[in-house]
Amino acid sequence: MATLRPLTVEDVLRVNGSRRFAAALAAASPFDSLADALLAARRIWLNEVDVTGWLEAFAAHPSIGTTSSSVSKWSKEEQSAALSTATDSTAQELSEWNAKYREKFGFVFMICASGRTAPEVLAELKRRYANRPIVELEAAAEEELKISELRLTKLFSAETAAPPTSGENHISQPDKAAGSSNRTRPPITTHVLDTALGSPAAGIEVHLEMWKDVSSTPAFDNKEFKGWTTLGTSVTNNDGRSGQLMDIVDNVAPGFYRISFNTSKYAPSGFFPYVSIIFEIKRSQTTEHFHVPLLHSPFSFTTYRGS
């Protein structure tokens, strides 16, 4: 089911405050389904909007806990759980930490607050305050994307729920295509940051593999790594993000995965010819998302599980 009309820039600015994002998503509409709209939004946000656009989008949001009459209806809805669970002392602490965060990073604390209590938001704010600026910029952009996806869903629902005018067909229950997924991205994703330069690392070859040997598992005392099967390969773009490394499925197969980065071509004089990260997805985690980034410099690297 397509949206009833192409989206305008003004429509999309309700979803995301970046004018570059709004223009690109409006130009790509109308969409045949919500899934198509969400995929386009993710592609545009991560691949076509630069840091200036990210900051423009951040600036369109009020600080968490703001009760001004100028706050949009959607922002109020998204912060309703936090506002309803904030005591006077929690609200004061949120205000103080919001100010500390803005002073350190230069933009408002971004979090998809829908359904999250004030103590949860405050704890996340304090945790992320310790991040390095480049790491926090990425984290804030991910949260902005979650908010944009939530709002795009609301906008799309409003469009498709509108009464049909003369000559328009109205379908009340859209069919889900066979084999389609509720996800908007693969279950496993990655990006690479060059921590020495403080910028995304472009042009790094990335491989994603899964352990398929049922007779054994990869372990510290089992280093004969002959059971890996390649799922996908890609090269990081100018934002340091890889392309799609596996299929978009609702439930990722549990097991061991290895994501490898060919760092020797990117940093020929560096200490690491390549970096491989092995992780396990439990049976209880198959519906979750696993973002496994690499923060790399010529003589060190770190990783973490992100969202």
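Numbers run from 1 along the shown chain.
The backbone N, Cα and C atoms fix where each Cβ goes, and this holds for glycine too.
Bear in mind that TrEMBL entries carry predicted annotations, made automatically and left uncurated.
If you look up TrEMBL, you'll see 13-152 marked as domain 'Oxo-4-hydroxy-4-carboxy-5-ureidoimidazoline decarboxylase'. Shown for the domain 'Oxo-4-hydroxy-4-carboxy-5-ureidoimidazoline decarboxylase' (13-152): DSSP residue counts in helix, strand and coil, namely 95 helix, 0 strand, 45 coil.
The feature region 'Disordered' is assigned by TrEMBL to 161-186.
What TrEMBL lists as domain 'Transthyretin/hydroxyisourate hydrolase' is 188-306.
TrEMBL lists His191, Arg241, Tyr304 with the feature substrate binding site.
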>> Among His191, Arg241, the binding-site residues in question, whose Cβ has the most other Cβ atoms within 10 Å in this structure?
In response: His191
> For the domain 'Oxo-4-hydroxy-4-carboxy-5-ureidoimidazoline decarboxylase' (13-152), what's the model's average pLDDT?
Replying inline: 87
> For the substrate site given as His191, Arg241, Tyr304, which other residues of the same chain have their Cβ within 8 Å of the site's Cβ centre?
Replying inline: Glu138, Thr189, Thr190, Val192, Leu193, Gly240, His291, Val292, Pro293, Leu294, Gly306
>> Using a 10 Å radius around its CB, how many other CB atoms surround Tyr304 (substrate binding site)?
In response: 10
